[in-house]
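J.: The structure's right below; bear with me while I get my questions together.
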Amino acid sequence: MAPWPEVEKPETNNYIGDSSKQNQNMAGKEGENHKGNVASLGNKGEIQPAFSTVALIDETRPEEDPWALPELQDTGVKWSELDRKGKIIRVLYGIGKFIMLLGLLYMFVCSLDVLSSAFQLVGGKAAGDIFKDDSVLSNPVAGLVIGVLVTVMVQSSSTSSSIIVSMVSSTLLTVRAAIPIIMGANIGTSVTNTIVALMQAGDRNEFRRAFAGATIHDFFNWLAVFALLPIEVVSGYLYHLTNVIVESFHLESGEDAPELLKVITDPFTKLIIELDKSVINAIATNDESAKNKSLVKVWCVTETNVTLQNVTVASPDNCTSPDFCWTAGNTTWTLMNVTETEYISKCQHLFANSDLPDLAIGLILLALSLLVLCSCLIMIVKLLNSVLKGQVASVIKKTINTDFPFPFTWLAGYLAMLAGAGMTFVVQSSSVFTSAITPLVGIGVISIERSYPLTLGANIGTTTTAILAALASPGSTLKYSLQIALCHFFFNVSGIILFYPIPYTRLPIRMSKTLGNITAQYRWFAIFYLLLCFFLLPLFVFGLSLAGWPVLLGVCLPLFALFIAVVVINVMQKRRPHSLPEKLQNWDFLPVWMHSLEPWDNMLMSSLAFCGKHCCGFCKCCKVNAEQEGAKDKQLKTMEVYENTMAMADEERGGRRAPAVACVDKTGTNNTAL
């Protein structure tokens, strides 16, 4: 390559002048300069200095923070510029959008309820079977992953908690063995808002924020379990604390807990499906007759009568009492209470008269509920984007995200936690509340830092609901259900004490942002994360636990030690790389596929591109997306300044030769060891 031509300082300073004067000179002599440059290049055969400013090249443009809340500009006509008719129309439009938003939120919550019923139909009996193995449940690690799996399968922590209460009250499970299962149920309930975040994968930055806002719940639950489960196994502090509280009160069964949201949603969801959840409890408590029963409720109004009847028995030993026992020929009779159920009225839902098996009904409802869920979420995001603009958006963002002045800055987070607990108590479900704020985090109305205390408050709110439900339990299960609900409450409080009061310990925020950056660049990684954390990893640990403690410890302890070592080395590579040996200062000594997602991404995108050639519309979609990305790149290139026309021509030719990967941006590599 030829050496860079030397330019005298006075000439350079002349070029670095007022940009307006330079533009005027170039506009006046554009044709002459062009001809002169071409002639000079042709005659002298050397590169002449371009009329660009070196100072502009040296200036580095500030990088945009992807986590900064976007400004939703109001592109419409200002209110002051509207006439009376325009103002009336805008007000009516606003009222219509508000009513539409309420309707979409109602359908969104109902679809979550139907989704939970669908998961119970598909995996409810399997969940009951999992709880039957008492030897496995005595293992705290196995109990933890069973709680995760069962809650993911039934999409409801309250359902899994009711199963645990039934097993404890029937002496199939001790309260101390049930505590790890409750911890697992706390993890499993966060899968719903992670699924909801996948629906915002269309926009890269929205997906980055939405997925981070959803997984902040996951990371808090996992970190709390990793920190508190060993302490509970060694000391049993949750068991002893809740036992003292329960024993210190004289408890009596009370009225049913208030169901505020169910009053609104049940009339609609009961037209679609109704389930008999006692079947899952019966399977978990070793009731063999429940295996052949359907979870779909057919008769909604029944009446149970107990009558004293003459019944034949095999021998006099089977009589209820010697006074009520007689024989007639070869037949022995006795008096016995017989329970008869009278079926009065059938249910009115869609599948009341269906002959389909539970699995088929569950799959149908799963597909329909996911379709409605996705549609409602997309329309909610579009509607919020159209409503939250200009002054309205700035007021809402300032109200939610602004901290109090010093020295009361810390108070805003705890008030947000209180608000999250209150809202969760109103809607009776942490999944519904966290799923509702996920799109708000995605479009930039709520920051990640503010969504963290809101999520922690949702964890507290769902446990207070469980405590009220436990107080309404019958006398036989009141003590156990209340103690389990209190264990759930104090577990979440302990996790908040560990990972919230000191800003440095708020690890879930940093971890969720890291995962958000990865999933924004490699969107397929979001599905991989979902499958790994909520299905594959719990199933792997559950399979090892079936083989016994020696196998479980022999496999998991080395893997866990390796994971901790990789995390520590990653942190030291960023903070204090010189403290590490030269070879460990980066991961380049490993194969590329072990420390970067780029090879996996290339392989996956190549597979999708190959499949796309045989799928209608896929290639066309990719071509449109590639053209859009190319237009953005070209727009950015026009903003750059080059020293000569040859450099721009070389880059143009190099850009054409570079292979394009369908539908995916390659903004860098993820240099993290897997």
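Positions of Cβ are set from backbone N, Cα and C atoms, glycine also.
Copied straight from TrEMBL:
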COMPBIAS  1-11  compositional bias 'Basic and acidic residues'
COMPBIAS  12-26  compositional bias 'Polar residues'
REGION    1-43  region 'Disordered'
TRANSMEM  91-115  transmembrane segment
TRANSMEM  136-157  transmembrane segment
TRANSMEM  177-198  transmembrane segment
TRANSMEM  219-239  transmembrane segment
TRANSMEM  359-384  transmembrane segment
TRANSMEM  404-426  transmembrane segment
TRANSMEM  432-449  transmembrane segment
TRANSMEM  456-474  transmembrane segment
TRANSMEM  480-502  transmembrane segment
TRANSMEM  522-545  transmembrane segment
TRANSMEM  551-572  transmembrane segment
J.: Name the range, of those listed as 177-198, 219-239, 480-502, that has the largest tally of Cβ pairs under 8 Å with the transmembrane segment (522-545).
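T.: The stretch with the most contacts is 177-198.
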J.: Answer with yes or no whether the transmembrane segment (551-572) touches the transmembrane segment (404-426) by the criterion of at least three Cβ pairs under 8 A, sequence separation 6 or more.
T.: no
J.: Compare 91-115, 177-198, 456-474, 480-502 by their Cβ pairs under 8 Å to the transmembrane segment (432-449) and return the stretch that comes out on top.
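T.: Comparing 91-115, 177-198, 456-474, 480-502: 177-198 has the most Cβ pairs near the transmembrane segment (432-449).
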